[in-house]
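Structure first, then comments.
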Amino acid sequence: MNPYILSTLLFGLGLGTTITFASSHWLLAWMGLEMNTLAIIPLMAQHHHPRAVEATTKYFLAQATGAAMLLFASTTNAWLGGQWDIQQMSHPLPVTLVTLALALKVGLAPLHSWLPEVLQGLDLTTGLILSTWQKLAPFALLLQIQTPNSTLLIALGLASTLVGGWGGLNQTQLRKILAYSSIAHLGWMVLIMQFSPSLTLLTLVTYLIMTFSMFLVFKLNDSTNINALAISWAKAPALTSLTPLILLSLGGLPPLTGFMPKWLILQELTKQDLATTATLAALSALLSLYFYLRLSYAMTLTMSPNNTAGTTPWRLPSLQITMPLAVTTTATLLLLPLTPLTTALLTL
């Protein structure tokens, strides 16, 4: 892609998210979300492959539906309460509609079915943008809505953690596995949103770091399925030994960074007398852990001649810049000791 066009589109992506962050009026927030969608569509379709075009079309339809629903909900709110302000939503009908519209935009269950299909049709770089940057603007709006309907958020959160766990079990494509992982992590964030918004932000930041790290690993290895991952030890032996730790951090095992948000969320849910919800969320994390372990097994515990079918690649020097991968991997593995500082900041 022409670098001028690419920089214009990336500027549009950044501007759309920034407008949504800065807005207090529903029309301005909607405009930011639309700019975001329109800026990423050419990036998704840039390879002119039928799968990429199909993924782009699905993404456009899902986002357009979410945006139309959001606009309808904000207009209904203005009609019922005479307010266009994001934080002044009082009537339960527009609040519920906005929550569902934003759930569709980020891919929360049961409005998630577009996300694995879209991510599977994209290259890893655009998939990374879709899994990280594109979640920020809708989450900023979700955090601003003072929702009285707590049952809806808990239902969306639990459904997402369960669907994210179940959906990834029989997948062999890495991008679909990452999509279901994304759905499960979003479920954890929504589950705690009304009780501790700062904890939702912490979970979002750790999710962004871990997902960034995982996408960069797959990009460096040029892997899109489990078979390609199984022969990556020939390409980057040191990275192959670190990748299972990144996967286990995504699964939420101590003493890795991914354990911190899950631990604090379960603690907060128990404080709110939601022990059953906390138990279900913890059990659903086991489902996700299973497919992370499956990837770890395929990558590091299968040695020739017992590895999965695949041709060992040439060990050519990678042209990819490895500094972002080094920084995010370090953060993914080593931030758990900062938990006391984090909890102190959350209580401020």
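Heads up, the Cβ atoms here are built off N, Cα and C, so glycines get one too.
Here's what TrEMBL has on this protein:
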- 23-287: domain 'NADH:quinone oxidoreductase/Mrp antiporter transmembrane' (DOMAIN)
- 60-80: transmembrane segment (TRANSMEM)
- 92-115: transmembrane segment (TRANSMEM)
- 151-170: transmembrane segment (TRANSMEM)
- 177-195: transmembrane segment (TRANSMEM)
- 201-221: transmembrane segment (TRANSMEM)
- 233-254: transmembrane segment (TRANSMEM)
- 274-293: transmembrane segment (TRANSMEM)
- 289-342: domain 'NADH dehydrogenase subunit 2 C-terminal' (DOMAIN)
- 325-346: transmembrane segment (TRANSMEM)
Best-packed against the transmembrane segment (274-293), counting Cβ pairs under 8 Å over 60-80, 92-115, 151-170, 177-195, 325-346, is stretch 151-170
Between the stretches 92-115, 177-195, 233-254, which one has more Cβ pairs under 8 Å with the transmembrane segment (325-346) than any other?
233-254
Limited to the domain 'NADH dehydrogenase subunit 2 C-terminal' (289-342), I'd like the whole-number average of pLDDT.
81
The transmembrane segment (177-195): which same-chain residues, six or more beyond its ends, come within Cβ distance under 8 Å?
103, 106-109, 112, 115-116, 118-120, 127, 131, 135, 139, 142-143, 147, 150, 153-154, 156-165, 167-168, 171, 203-204, 207, 211, 214-215, 250, 261-262, 265, 268-269, 272, 277, 281, 284-285, 288, 291-292, 295
